Structures are given as C-alpha cells and as structure tokens.
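Features reported for this protein in TrEMBL:
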{"type": "TRANSMEM", "residues": "91-121", "note": "transmembrane segment"}
{"type": "TRANSMEM", "residues": "133-161", "note": "transmembrane segment"}
{"type": "TRANSMEM", "residues": "173-193", "note": "transmembrane segment"}
{"type": "TRANSMEM", "residues": "234-257", "note": "transmembrane segment"}
{"type": "TRANSMEM", "residues": "277-294", "note": "transmembrane segment"}
{"type": "TRANSMEM", "residues": "322-341", "note": "transmembrane segment"}
{"type": "DOMAIN", "residues": "374-558", "note": "domain 'ABC transmembrane type-1'"}
{"type": "TRANSMEM", "residues": "386-407", "note": "transmembrane segment"}
{"type": "TRANSMEM", "residues": "419-446", "note": "transmembrane segment"}
{"type": "TRANSMEM", "residues": "495-517", "note": "transmembrane segment"}
{"type": "TRANSMEM", "residues": "537-562", "note": "transmembrane segment"}
Amino acid sequence: MTATLSRVLTAAALLAVVGLLPWLSGRDPALSILRARSAEQEPTPEALDAVRADLGLADGPVSILLRWLGGVVRGDFGTSWNTGRDVLPGAVAALGVSATLMACAAVVAGLVAAALVVPALRAGVTGAPRRSSGLAAAALTATPEFLLASVGVVVGSLYLALPPYGWTGPQSAILPGLALGLPAGGLIGRLLADAVSSACTEHWVVTWTAAGISRRRTAGAVLRRAAAAVTSQVALVAVALLGGAVAVEQVFAIPGLGRTMLGDARSQDLPALQADLVLLLLVSVALGITAAVVRRALLGASIHDAAVPVPTARFVRRRRHVVVPVVGALGVLAIVVAGWSRDPYAASTAKYARPSASAPFGTDASGRDVLARVAHGAVGTIGTSVAVLAAAVVIGLVLGCAPRLFVGPIEVSNAAPPVVTGVLVASIWGPSAAAAALAVLLVSWAPLAAHTAALVAEVRARPYVAVLPSLGASRGRILLGTVLPAVIPTVVRHALLRLPGVALALAALGFLGLGPTPPSPDWGLVLADGVAAVERAPWVAAAPLVSLILVSITAVAASSLASGPARWITGRGGASVGSGAVPTPAAATP
C-alpha cells in the first residue's frame, strides 16, 4: 500500500510540475505556443489573445491541469496545442518505436554483459574469486552513445549498406541498438560481475565444491544468487533505454519516445508531453514491479527466513590491478599538465589540422588547440561530475534505506531522461552549468537508491543481522552500525562506474544549449565539435573520449582495490602473498 501511494503521489507531482511549466518559466505560454505553431507569424496582441482563447489559457494552470486529469479519467488525453490532433495515438506510436529499439539494444547489452561476466564466473567456481580491474566495462560505459551513433551512421551507410537515418522497421534498429547496447552492456556486465565475485565468496560455494557438485551446476546457482542483486538495475537500464535514448534518436532521426518528449518539452506542448510521461511512467512502474517479483523469486525463501548467505569478501588480486588506476590517473594528469599552459580559446587558420608537435591532439573547426581545450576542461568537467555523483550517492543511500516510501520518486526519476529534465530545469532557471548539474542530479540518484534498497533488504535478511533485535540492538543502531557499512562499498563502486555517464549527461546538456555554452572548453562541447566532423577529423573527438575512458578506468579500478580483504598473487597460478592470504577448500580443488 505504501509503495502504491508513493508511486501515485510522485506521478501526480511530476504531472503537476509539467502542467505548471509555462507559468514557472516566467514566459508567456501563448507566445511559446504561437512560435511552435508558426515561427514566422508576428506575435501581435491579437494573435496572442486568440491563442489564449483557443486553449483556455486565461483560466490559469490549475484549471487546465484539472481539465486534463478529468479527460484522462475518461480516456481522453487531450489534443496537441501545436497541431490540434489527439496526442495519445502519436505517443503510443513513439512508444512502439522506442520499445523495438530497446529490444534490439537489450540483445546487444546481454551479449556484452555475458562476455564480461564469464571470466568472473569461471574464476569464482574454480576457487579463485576476484574482481577484475574493469577495463573493458569502463571503456564501454565511458563511450558516448551519440559518438557511437555518429560513427555508426558513417560505417553502416558506407560499408554495411544499412539504413543510416529514419525508421522503416526493425532493420532500422540495428545501428542505434549497437550505440545504445554497448554502454548499457558495460554497466550491467560490470555490476553483475561484481555480484558474481561476491557470491562466489559465500560459504555455500565452498561447501558445494567440497561435496563434488559439478561446476556447471554451481555456476548456475551463483548466477541466480548474483542476479538477485541487480534485477532492479536491469529494470532501470531498460527504462533509460526506452525513454532516454534522445541523443541516439536525434542522430538517426528516429521518431521514438525520447525524441518526441524533447520536442514537446521545447515547444511546451503540455498535453503531448503529459501523455508521453504517463506512458513512460506506466512502463517504469511495470518494470519496477516485475523486477521486484523476479528478485523475490530468485532469493526464494531465504529473504523471508533471514537465511541470505553472507559473503566472506576475500578476492584474488594480482599486482597489475594496482598498476591500472595509477596509469590511468597519471595519463589524465599528463594531459592536464601538457595542455595547461596553452590557450584553449585562441583560434587560427589551421582548421582541422592533424596532430603534430605544435598541436599534439590537432585542432578543431575554429583552429583551436584540442589539447589545450581538453586540459582546461578537465577541471570543470571532472569536478562537476564528481560533485554531482557524491550528492547522488548521499541521496541514494538515504532514500534507499526506505524503499517502500520512496519507490515512487525512484521510478519516476529514472524514467525522466536527463535531457528532458534539463529542458524543464532550464525553462525555469535558464541554461547554465549549475542548471545542468541540477538536472543530472535529479535523475542520477535513482539507480543508486534502487541498488541500495536491494542490498539493504538482502543484508537485513542475513542471519547475524536478523538476530540483533533479540540482543537489544535498536533499529537505528542496526542500520548505521551493521547494514550501511555492508552496503556502502558496493554502492560506491556502482557510483564510480557511473562517473563517465554523469560527465556525458552534462556534456549532452551543454551540446543542446542547456549547460556550459561555447566557447567553454567543456569536454561535452569538445566532443560535440568532434562528432560533427568524426569522419573528417576523428582526432577532435578522440582526445576527450580517451580522457573520459582514462577517468572511468581510474575510478573503476581504484574502487576494485577497496573491495575488502584479498589474496595477492604474483602471477598466473602464483603463490599467495601478504597477510590477507587465506586459502579455502575451493581454492585447493583442481
């Protein structure tokens, strides 16, 4: 009952904010609608009065919202303020296109995730559980979807004879599905591999191995145990693919739900935007409920009987796992030091000059030194991303501890694409770096809160936690002293994996004019310049892309080092060294 009420109240609040958007922005809604209907028409007082009379704007936002809600109850979502057509058929058609695109991306993401999980699973069932440095997952997650889409347009149209633009059916989903599925697969694969490594340290795995149970059967059980921790994340990623593929849909000119929502938000076509959001929220709630049901089915009776296994958190690590974050950090530092003394704003006639001694990363369309722009943009881009992510972690941990109460905000926040949220925030406060950071924060905390809620439920169901109340421990002491210390490391590792995603979301908002504006050396703007000339001058996009990947690899690899006690080995099959070496029966099996 609490979860249902949370969903209803949050959805109502979001729709109310959308309904009040034209008035909250301080602009005349009649003028925005007139511009959307006809950009060339003179906004005379008579024309504006005609728009107000036609749409009943003089009645005020509350009356308009109540009329719209009354129509929804009757199954009438209203007519578009711009075209005069019923909004529901168009929204349903856009949802169908996005669903097809999401299905194609899900296939790609599943294959990528499987490739990332298999090594961790193989190592765990053979008695040497380890958390990898996450290089492949970090590189995939850090690669911008719009850059993959731009490369896909060139490669697909020139070499694969695939349709580069538009939507003619499922065959048009191949290239955009790849652009969406690769980063999503990197994220899910890393989270699932992390969960597999943790599950392989639980005592039952050792027991099964000692009992002679086959590795195939053990691997299946480990996958089932690990999948329970990431079902909520899979649902959130699916919703993000459904409504948040704005950049990819823009590049490929796909009439999907994300692109439709962006257009409706820009033109302030409230009935159309509200219909889009209602459909997306319904899908988000359905996926959230499905994920909860699947998670309970995977955990079985253990979640009710306080019998969830406890991981020992001992992993095998190699010395190269320390080298990876050090090399990544030094790489970023080298770029900053090399370009800090250069002028990021100085233009020249050497447009799109190839990398040389004078311009190691080449120049952009204005002849500006790309190295200088990447170096100067590092402070703002990385600093803002880290600040947003830190705030998202705190919010996610706090709200995730009360999942039934905040399930509505979690699902609604994840359903709103960052670009659409950026449009809403910019409409109220105007475009700026702070507005872009706030817009990204509003949607970044939800996946962390959902992950926290799933982990908190599992930790509370562990035997040693379930017995604490009978020993006199208060609920607050149990939460702060036992549950959160077991949850925070995993959530922080998840957050670090999302660092490049936060940076890219900020970049996308800057590219759309909702964040830092040119000629700022923001990495997003540099990437946008490179995307426009990816075929002619790929080095412009390569420089910020490599920097993003280095930041991502550094963060993810560093987080893996903080995953608990470990057995350090010197090489393949080498002996354990260090005080953390604790042999297990599983490790001794051939």
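Here the Cβ of each residue, glycine as well, is placed from N, Cα and C on the backbone.
Automatic, uncurated: that is what TrEMBL annotation is.
Contact between the transmembrane segment (322-341) and the transmembrane segment (91-121) is not supported, since fewer than 3 Cβ pairs fall under 8 Å when only residues 6 or more apart in sequence are counted. Among the recorded stretches 91-121, 419-446, 537-562, the one sharing the largest number of Cβ pairs closer than 8 Å with the transmembrane segment (133-161) is 537-562. Long-range contacts of the transmembrane segment (234-257) within the same chain, counting only residues at least 6 positions beyond its ends with a Cβ under 8 Å from a Cβ of the stretch, are 91, 93-95, 97-99, 101-102, 105-106, 109, 144-146, 149-150, 153, 164-167, 172, 175-176, 179-180, 184, 187-188, 276, 279-280, 283-284, 287-288, 290-291, 411, 414-420, 446-447, 450, 508. Outside the transmembrane segment (173-193) by six or more residues, the chain places 100-117, 119-121, 131-132, 134, 136-141, 143, 145-146, 148-149, 152-153, 156, 162, 164, 226-227, 229-230, 233-234, 237, 240-241, 245, 248-249, 251-252, 254, 451, 494, 497-498, 501, 556 with a CB less than 8 A from a CB of the stretch.
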